[in-house]
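Taken from TrEMBL as is:
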REPEAT    9-43  repeat 'PPR'
REPEAT    109-143  repeat 'PPR'
REPEAT    144-178  repeat 'PPR'
REPEAT    214-248  repeat 'PPR'
REPEAT    284-318  repeat 'PPR'
REGION    657-676  region 'Disordered'
COMPBIAS  657-666  compositional bias 'Polar residues'
DOMAIN    684-711  domain 'KOW'
Amino acid sequence: MRLLIISPDEISYNAAMSACERGGQWRCALSILSCLPSARVAPSVISCSAAISSCEKGAQWSLALGLLMGMPRFRVVPDRITHSAVISACEKAGQWQLALRILSGSTPDRISFNAAISSCEKAGKWRTALSLLCQMPERRVAQSEISYNAAISACESRGRWELGFTVLTSMSRFRLVPDEFSYNSAIFACAKGGQWQWALRVFAGISEVRVACDAITCNAAISACAGGAQWQPALHMLKDIPEMRLSPDKFSYCAALSACEKGRQWQFSLSLLSEMTQTRLSGDELCHGAAISACEKDGRWQVAVSLLHQMPQRSMKPSAIMYNVVSSALETAGVWEASLALLGNMLVQRLIPDALFAGSTAGALRKAVSEESAYDLLVQLLQLWIAQDRPEAQEEGEPEEENGYLPGSSEHVRILGTAPGVIAIFKPTGVTTATAVGQVSQQLVGETAESELYNPAGLFIVSRLDHPTSGVCPVALGVAGSAAAYWLQAQFAGRLVRKEYLCLCEGPALGPEGFTGAIASRLLTTDMGLVRGTSQSSRTEVSALGREAATGYEVVARYCAPRGAAGEISELMLLLVRPLTGRTHQIRVHLASIGRPLVGDLTYGTRGSSLLPACPRLFLHCREITLRDVEGRPFVAEAPLPADLQDILARLQPVQVQESRNGNHQGEQEEQSLAGGSKSMGKFIKAGRVVVILSGRYAGKKAIVAKVFDDGSKSRPFGHCLVAGVDRAPLKVTRKMSKKKISKRTRVKPFVKYVNYNHIMPTRYQVPTEIQMVTDQQMDTSDGRIEAKKFVKSLLQEKFAAPPADKTGRPSKDVLYLRKKLRF
């Protein structure tokens, strides 16, 4: 224009800045705006709005806000377009507070409100988003589909499915038609809230309003079914996708595979993988991981190993998580040779196993060989971890915001003991584990930063205590991924750590003082944080779809119920609990499942009908923990019972009842597994009692007690017993099978051995005492042991072929219980 001797005016500059805005050239737009004063052209609101819009599209929210604040210097008054552009810039940058502040100080329009609601949606502020949606009619701004979609998406981001569904249904009252984005957000909200039924209801409503259903909608509905472990509706919807004139994509199959994985349908998982290959869809690591996990949950370790080995052939690299899943399947099956082979395969591929994989492999060795063999393996892997000690950043799952200082409780958090690579702290009640560790970290940095024993660089939580639980908590002296953290995590994963809790439960008597038992019910943990709108909240329940869990206990003391308490047969029992696994809320849920909830448990307890309603806290305390430090030496940390719990026990009156030695009590009438870990187990174990072997090559196998040695013997100076068990139970037969095959499948493979009381779990089942024919003299010679096994084999085959009848005339459960191996 200057070559043509034409001076550019305001319109020319505005047009140039608008072109820069559409082209995403925010720097050029700002450069043109800065040239206006030198060209003697006064910037107008259109000029400033064009520059702000260019900054908004370029994600430069700070520059857009600066231009808005500088408009009064040019004597320009911002209009709705200007404010909307700045609010949109703040929305894209996640600055929802600034967006609301600008909205409150302007005359908003529909675009401004939509941008503000979207900013709240991205920040997860669903309450503020709904409040803005309700303010639009009050400020005479017409609501649109975009406004409702942003509000529904805000509810979806926090799992507020009921509010998202309400907002969706209220659109018709304002003559607004929901689109596919509205339904997708509502379905995702129901999926995150665990409401798969409502998600399918929303999906069914799409056809009624004639909204085009896309692949994202179908995938969202299938994902909702997967979240609820509803594999049948998920497969049905996957099959119906072609009828909607759509083609299932990789995400559709992955969602269906996830549903089959949670429902333990490994056959359908393999079928879906095969179907993906036929439709020329390349399955990714996520799809194969879901299929491998489905096989692991159903105990199909051979198929899981095969799928893992097929991944490199399909140009996929197995992740550490997949190796961990397969290793867990091998540990559960007790095939330690395959576990070591899988470990060797990882090392050949130059992959360093993590703590979970190492723990699973060590756990398999612990079950099949010995605990020392498991530690020998971990020591060898420790050298690899030390050589490759590259600490990782803290995972997103770690609640960093809780690591701050908690006023008024620092004097209760203290260090109980230290050793190379590990530190044990005392966590009081009412404090999260992360908060307690954060306080200890501050103490170490402030007081002993120069000491070599403490590592101020970071502490890693390897085990957590519930918020209301007090006691010992071990912490690794190193950050996530360090050798010390892996060493402790592997011990927990391999179940090599011994933990003891003291708890006070209520209900019918379990037995006399010294009575021992165990509970082996599967536990399923559900994340309730999204459902309730709170973070890090979960609930556990007994479920066949859950993970294996086992808890042993011993009755330490019995107390009378306070006067006026409900239930004449109920009493209070102080238990010494030893969890064999580490599931969420395991002790609380296991004891509540047998009608013995913990005192003060507001989640799983009796609450108002408790025998001690005035108990100020949960009566659960971690008393002792035993593990090994990084140098292989035993490390034991103890924490005495807190004073507040001691005061509660001091006010109770012990039960003054002489229990009979044979242990006849009401607790035996319940169907629960009983295990022992002390010499007092002899009060319950007697000839003919069915027990479960807890360790060694026969771990999980059932056996019958032939003879007890409560006081030990010369060769075995500890409480033990002689057992005759079932190494291989008879298999199922049909009439179509030949006699030879039936004879082969009905054979019983027995075993006879001496077992320490600490390595068995007694049950409530009792069989006739003919097995007392197995004597000590037979066990002294190899020929005698062979004769004993022959007798046991013939006796068991006879019992399995024709089980004796019980009082009701049905086959006795005492004999049938011996058939199936207990997997834990």
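Every residue gets a Cβ built from N, Cα and C, even glycine.
These figures come from a predicted structure and were not determined experimentally.
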| Same-chain residues at least 6 beyond the ends of the repeat 'PPR' (109-143) whose Cβ lies under 8 Å from its Cβ atoms | 80, 83-84, 87-88, 90-91, 94-96, 99-100, 103, 150-151, 153-155, 157-158, 160, 163, 167, 174, 176
| note | Grouping DSSP H, G, I as helix and E, B as strand, the residues of the repeat 'PPR' (109-143) number 26 helix, 0 strand, 9 coil
| remark: Across the repeat 'PPR' (214-248), DSSP labelling yields 27 helix, 0 strand, 8 coil
| note | The DSSP breakdown of the repeat 'PPR' (284-318) into helix, strand and coil residues is 26 helix, 0 strand, 9 coil
| Mean predicted confidence [pLDDT] for the repeat 'PPR' (9-43) | 73
| query | Residue counts in helix (H, G, I), strand (E, B) and coil for the repeat 'PPR' (144-178), per DSSP? | reply | 27 helix, 0 strand, 8 coil
